[in-house]
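Starting off with a structure, shown below.
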Amino acid sequence: MGQPVASRGRAATPTLGKAMLNKYARAFFTRVLTPFAAFLIRRGVSPDTVTLLGTAGVMAGALVFYPRGEFFWGTIVITLFVFSDLVDGNMARQLGRSSRWGAFLDSTLDRVADGAIFGGFALWYAGNGDNNVLCAVSIFCLASGQVVSYTKARGESIGLPVAVNGLVERAERLVISLVAAGLAGLHTFGVPGIQVLLPIALWIVAVGSLVTLIQRVVTVRRESAEADAAAAAQNSGATP
Ligand SMILES: CCCCCCCC/C=C\CCCCCCCC(=O)OC[C@H](COP(=O)(O)O[C@@H]1[C@H](O)[C@H](OP(=O)(O)O)[C@@H](O)[C@H](O)[C@H]1O)OC(=O)CCCCCCC/C=C\CCCCCCCC
Ligand SMILES: Nc1ccn([C@@H]2O[C@H](COP(=O)(O)O)[C@@H](O)[C@H]2O)c(=O)n1
Ligand SMILES: [Mg+2]
Ligand SMILES: [Mg+2]
């Protein structure tokens, strides 16, 4: 509880196992998006509004276009809105108003947006995409992504540092899936063979999420054993 609210959470997490995008791309996008965040602040827009509208836009792009197999336009709409996830926190920091409520809202709506994206893929494969295996892989990506995030949130809620982010965290899941979906969507404009990229990406995200889940569970197991041992040692020292 010693840290200021603004520095709590992922930025304060030790970098062991830190995934590539969070490490290298976040600083770049922070620089690029800061003027836009400042512009929204001047217009009187609040970080919470950006969080809510961004999530609504991602959901609309995913659930209107993906179930119909319109991967190009779905990805364009999602891409326009998904960067709101970097803008909202940027605005809160510029305003000096990073809050517990904002952190909760941001993370909770991340889960909703991810559900819509992978749910959109699953609905396509359950319908006209007609592929039960890829429908199952999409559902696995959806569920495993949620559980990966839950392991960290739950571990931190029981007082552990959970000092690992793992191989494939949210930014990787999104970039791999969205780039592949956007390119696969070019098939409808006559680019041959390219639709295979989406199944490949879904398999990569599924396997990567499983590896990440194992990395986080192993870390929580080790950290909780260490914390329990430290507490037991302290208790035995306290009682004669
Ligand atoms: C002709 C071609 C047509 C094709 C069109 C393609 C268009 C481009 C396609 C895709 C672009 C996708 C960009 C996706 C960017 C996603 C950025 C983002 O929102 O990242 C989210 C993340 C937020 O981090 P937080 O720490 O705030 O969130 C935490 C996280 O959710 C935790 O989850 P966990 O990791 O545990 O699973 C939760 O636990 C926690 O609660 C929550 O708080 O931001 C970052 O991580 C920062 C890094 C951002 C990196 C962005 C990289 C964008 C890279 C490339 C985009 C351009 C690609 C263009 C390709 C063009 C192809 C032709
Ligand atoms: N509506 C919001 C959204 C976010 N925050 C704060 O930003 C942090 C997340 O930063 P990102 O760059 O990953 O968006 C979050 O933990 C909050 O501290 C906020 O206050 N209000
Ligand atoms: Mg955010
Ligand atoms: Mg977010």
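Just so it is clear, glycine is given a Cβ too, placed from its N, Cα and C backbone atoms.
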Check TrEMBL for me: it has D48, T49, V50, T51, G89, R93 binding CDP-1,2-diacyl-sn-glycerol, so pick out which one of S99, S138 it puts in that same site.
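Among S99, S138, only S99 appears alongside D48, T49, V50, T51, G89, R93 as CDP-1,2-diacyl-sn-glycerol-binding in TrEMBL.
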Need one residue: from D85, D228, the one TrEMBL lists with D106, D110 for Mg(2+) 2.
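For the Mg(2+) 2 site that includes D106, D110, TrEMBL also lists D85.
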Inside 8 A of the center formed by the CB atoms of D85, D88, D106, which other residues of the chain have their CB, for the recorded Mg(2+) 1 site?
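Near the Mg(2+) 1 site, beyond D85, D88, D106, sit P47, V50, T51, G54, S84, L86, V87, G89, G102, L105, L109, D110.
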Round to a whole number and give the Cα-to-Cα distance in Å for the pair T49 (CDP-1,2-diacyl-sn-glycerol binding site) and D85 (Mg(2+) 2 binding site).
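Between the alpha carbons of T49 (CDP-1,2-diacyl-sn-glycerol binding site) and D85 (Mg(2+) 2 binding site) there are 11 Å.
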Take a look at 24-41, 71-87, 196-214 and tell me which one has the most Cβ pairs under 8 Å to the transmembrane segment (174-190).
71-87
Fewest neighbouring Cβ atoms within 10 Å: which of the recorded positions D48, D85, D106, D110?
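Fewest other Cβ atoms within 10 Å, among the recorded positions D48, D85, D106, D110, is found for D48.
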Which of the three DSSP states, helix, strand or coil, fits S99 (CDP-1,2-diacyl-sn-glycerol binding site)?
coil
Can you give me the Cα-Cα distance between D106 (Mg(2+) 2 binding site) and D88 (Mg(2+) 1 binding site) in Å, rounded to a whole number?
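Here the two Cα atoms lie 8 Å apart.
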